[in-house]
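Lifted from TrEMBL, the feature list:
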| type | residues | note |
| --- | --- | --- |
| DOMAIN | 21-425 | domain 'DUF7937' |
| TRANSMEM | 22-43 | transmembrane segment |
| TRANSMEM | 49-68 | transmembrane segment |
| TRANSMEM | 80-102 | transmembrane segment |
| TRANSMEM | 114-133 | transmembrane segment |
| TRANSMEM | 145-164 | transmembrane segment |
| TRANSMEM | 184-204 | transmembrane segment |
| TRANSMEM | 216-235 | transmembrane segment |
| TRANSMEM | 261-281 | transmembrane segment |
| TRANSMEM | 293-318 | transmembrane segment |
| TRANSMEM | 324-345 | transmembrane segment |
| TRANSMEM | 357-378 | transmembrane segment |
| TRANSMEM | 398-425 | transmembrane segment |
| REGION | 429-478 | region 'Disordered' |
Amino acid sequence: MAGPTVTDPVARRADPVRGGRAGVAAALLVLGLLLPWNLYVGLGIPGTPVWAFAVVAAATVVSLAGLAVGRRSGPERLQLLLGVPYFVVVVGFLVFTTIQAVRYGGTASVPPGVGPGAWLGTAGALLAAGPGIGTGRRAERTVSIIAIVSLVLGLAAAVFNLHWRTRFVLPAIGEPDVGTAHLATALAALLYAVVAVIPLVIGYRWLRSTRLAARVATLLLAVSALVAGMIVWVLPVGREVDAFHGIAQNTGISGVGYEGYLSWVAVAAIVAVPTVSALRDDRAVWRRAVRRCLLLIGAWCAGTAVLRLADVALSAVLDLPAPPYNGTALMAFDLLAAVLAWWLFLNAGRFAPGRMLTTLFAVLFAAVVSRVIVGIALVPRSEPLDPATINAVFGNTLVQQITSTFDVTLVVLALALSVIAIMTARPARPTASKPAGPAGPAERRAAAPRKSASAWPTIVIPTRSGPARIVRPGHDDD
């Protein structure tokens, strides 16, 4: 049987982190106001419409008011109502960028996307309205809806982008002169779409699961995504890591799209309090959560290694001036990170030496960081035909963009896994024992040798006449 679940009794008991939840929610809401919401709206975005920023600011103030209501033990329904304007604004931004992506897909127009400000603000608003959302069936129903919508939007975006990338090359595949080149281009586009969807599918399984380990993995992924979004936007190198400066486009354009980031942080905010309340010093739960995260890292790094190989082959078919050894080196770093993640995935749950596992987790972190660095340093550069396409928010001179904000997310996630490996490798604290003394009659009887339960059947000889009964001892499932 699988690990423990986050059940209603755990969620209904006294909230030990309620004060901390309010502080975290307020900080996330303020940070959400300071970071961009898309390519057109937010602090630091040139030409931001005043009315749009005013709407976001007003929704933030109303959501912060919900925290004040909660501190005065106000009705939970009122907290939820005060969070509704913020949710409406987030959905409005989501619908707007989805419509724009479909409308201008396959053209030079760049969709607005959804920035880290919306991710942070969504998490803060949901934490602020957490008591109003409730627990148990209502929360699970909300989580299921978010997960399904995320997967549907992500798959639809990947299919649309695949269509736009192949609509002109598919009809010419049968031509003798350019058929091979067009076929290679179509296959490369298909690989990019499949790899972009992999994290969404893995994340969807986590979101739909009620197991405590899956909820912990969701929290780790969401926190990593929020930290990565801030890093890519604030640091100047963020423009090289992600051409959109951390403002997520739809799935397929820049790897993982906003469909994944928004759903991860939203579900994490909903389940954060019951998950943290149910979490104890249970190393088995931590190990299962770590293995889930390792699966995600291994799958993504293996997928990007395949993309590197496809790019080398495509450059050879199209006779592009791309050094093959650069692509080979990039693929080698991806494979190294993937192999390490898969090995740890297979062995982290076993009784492997703690020091060796801790060392390998540190090596995995170094490998994930290195693949981001070489993904920028070894990619050829060229000046764009239209320099106006590079502005203060998006655009760089890289010929090819495979690295993205999700790669930085995995860097933060790998760092978190290394810390968890160090903490879980420590020996458990010994329990307090009673001082030694002369044993009484009852203790001597309790200390008498007993037959230990084993896997062999025990034959019980009845006192009355009748056949012997074979009794097997019970076994506890995991």
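Quick reminder: no glycine exception, Cβ is built from N, Cα and C everywhere.
Given the structure is predicted, the values throughout are model-derived calculations rather than measurements.
Where the transmembrane segment (145-164) meets the stretches 216-235, 261-281, 357-378, the count of C-beta pairs under 8 angstroms peaks at 261-281.
Contacts between the transmembrane segment (114-133) and the transmembrane segment (293-318): absent, as fewer than 3 C-beta pairs lie under 8 angstroms at sequence separation of six or more. Beyond its flanks by at least six residues, the transmembrane segment (184-204) meets 147, 150-151, 154-155, 158-159, 161-162, 165-166, 169-170, 173, 218, 221, 251-252, 255-257, 259-260, 263-264, 295-296, 299-300, 303-304, 306-307, 310-311, 313-314, 317-318, 406 of its own chain at Cβ-Cβ distances under 8 Å. Remote same-chain residues near the transmembrane segment (216-235) are listed as 28, 31, 35-36, 44, 115-116, 119-120, 123, 203, 206-207, 241-242, 245-247, 261, 264-265, 267-269, 271-272, 275-276, 279, 285-286, 289, 292-293, 296, 405-406, 408-413, 416-417 (criterion: CB distance under 8 Å, separation of at least six residues from the stretch ends).
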